[in-house]
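Structure first, then comments.
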Amino acid sequence: MDVNPTLLFLKVPAQNAISTTFPYTGDPPYSHGTGTGYTMDTVNRTHQYSEKGKWTTNTETGAPQLNPIDGPLPEDNEPSGYAQTDCVLEAMAFLEESHPGIFENSCLETMEVIQQTRVDKLTQGRQTYDWTLNRNQPAATALANTIEVFRSNGMTANESGRLIDFLKDVIESMDKEEMEITTHFQRKRRVRDNMTKKMVTQRTIGKKKQRLNKRSYLIRALTLNTMTKDAERGKLKRRAIATPGMQIRGFVYFVETLARSICEKLEQSGLPVGGNEKKAKLANVVRKMMTNSQDTELSFTITGDNTKWNENQNPRMFLAMITYITRNQPEWFRNVLSIAPIMFSNKMARLGKGYMFESKSMKLRTQIPAEMLASIDLKYFNESTRKKIEKIRPLLIDGTVSLSPGMMMGMFNMLSTVLGVSILNLGQKKYTKTTYWWDGLQSSDDFALIVNAPNHEGIQAGVDRFYRTCKLVGINMSKKKSYINRTGTFEFTSFFYRYGFVANFSMELPSFGVSGINESADMSIGVTVIKNNMINNDLGPATAQMALQLFIKDYRYTYRCHRGDTQIQTRRSFELKKLWEQTRSKAGLLVSDGGPNLYNIRNLHIPEVCLKWELMDEDYQGRLCNPLNPFVSHKEIESVNNAVVMPAHGPAKSMEYDAVATTHSWIPKRNRSILNTSQRGILEDEQMYQKCCNLFEKFFPSSSYRRPVGISSMVEAMVSRARIDARIDFESGRIKKEEFAEIMKICSTIEELRRQK
């Protein structure tokens, strides 16, 4: 029979139909090749927005720099970065007037954080520009390399010290006349293979010492490496994002700590909270505006969009904000916080890998590295690239570009939110001194503006005033992309509001399904996603039950673990059938071992092993939870793991799921091909680092881990801990006298070896 599709919506309120408009099936686009072109675009655009500023030259690096601050007031609607210092300071003063003590309290909180933060905070985070090797590395490795270089150059760096002490070293390093670093390089030799008697290329990794003079070191310390942002939907062109080096990261972290603390106290800020908490916060602002718009008043909301938020922001403006916010604070604190914006005012952008050329006729490919762009003949490039390179040439130094204005993506999200909120704050009647007034929401570059006024002219005047006020601090509301509606319907950070926030369940669709980590984690993540969507996204019981059945089906097809009594033939079915037949209690078999599914929407919170434990045969229990099983190298798992789930929009989210370690929690082995590349030395360093950390965690279980252990080294801390634990175990009779003596002997030997070293 034919179903009329409109019948589906008869009983559904219009706002719930949003989940049917989901456009993002299929994979998002990824970038290939180099990001050099995108980075040049960013640099050229940023300079264009600030072109009427003043040019100066950095005395240390010789880099030309453009300063648009206090530049000409705008005469048209073109985006521009000419923020006026006095306007920004005044906005800050009014923000403080509306929230007495907010800056003072946030400064106190931040000082406390600065005193307590350990340098290992910087190991969090993904790719980081490693200035010693001049390319990207995992954060932990980049930090270890930096500390190693600092130490060999006579600084006091310490892996377990405070972050503030590491930052003192960074400052000191900038005053040094030269820095000695160790770089990796590759040697290739042609040798004859004994077995096959063929000639093969053998690669060896060499480490060599290199001296950087002050200028070269400063350029590297101020460099942000660039890459292309991947998986961005709904865009025709890719764009560049920045990864800063270790010198900048620590300073940025403290500035963002201060700004986060301020944002937490501002009701208009969409950061740093998320999820339901964010929705509640935002709903409050809307409610306030709607209740206050008496029957005589009109209320309109703009779903706002800003033009090139980052490229029109300016680090010098952030410096002014910080100077004001910390004005009554101790000198050291003000200095620490002002370094990040100063470094950003002098930043250099690395152009990435450069361009790839290929000649179709001669079947040749060659890479033109970014360093060569300053001197290469431009006749080889097409029209648009030629224009880009010409524009950028005056700014080039050693393959990096001087980029003083602009902020690069994702660097000061919290602080720029504070700036945005300070303009929303000026919408109160006591500041507008007229019949219209405004309020709104701000989250990084995204905003929603609610304007109330007695008539349409008032609304228009309010919007105009907001627009112009923003211009004065370098915020450019896009008139083309912003949309105005009667209050009650708008969008903010992909939340859709219609008389309350609408659960847009379809946004979570990409995270349903089998993650592909391993059988154990995938089962756990799959049911947790369904559980979370029932809690947060209006996923109803019937739909959830269906989602669960689809997930189990998907899971069985992925791991070829159909029920033991099924007719489906796969590579595993022979083994699974055998297991099924010799198992007394078939309900106890995990789904991944061909067992039945016992999940329903009431027990999604229980890990499968726990759900079925009582139903399992004893020998099956023994095989399943056997840490000595030689066929499985599985990790030791804390009770909670983190999975990365991909919603359709916005960044990948981290989601906790329960992890029970079984022989199904295997880890796939690392691809061997890396061992023949220049990465090998780094891989060995990384494994060393990993081993040390794992060992340390064995001595200091998670409760005491990451607590300051004085300034003793990791080894000293572990030895003293081992002695204490051994004594306690010996006195309580858990270990014998011989064992106790042996432990003490090992400890002494370790100390002796350290002394000799």
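Heads up, the Cβ atoms here are built off N, Cα and C, so glycines get one too.
Swiss-Prot assigns the feature motif 'Nuclear localization signal' to one of the listed ranges (43-51, 124-132, 187-195, 439-447), namely 187-195. Mapped onto DSSP helix, strand and coil, the compositional bias 'Polar residues' (55-64) counts 0 helix, 4 strand, 6 coil.
Per-residue pLDDT, averaged across the motif 'Nuclear localization signal' (203-216), gives 89. Residues of the motif 'Nuclear localization signal' (203-216) grouped by DSSP class, helix first, strand second and coil last, total 3 helix, 11 strand, 0 coil.
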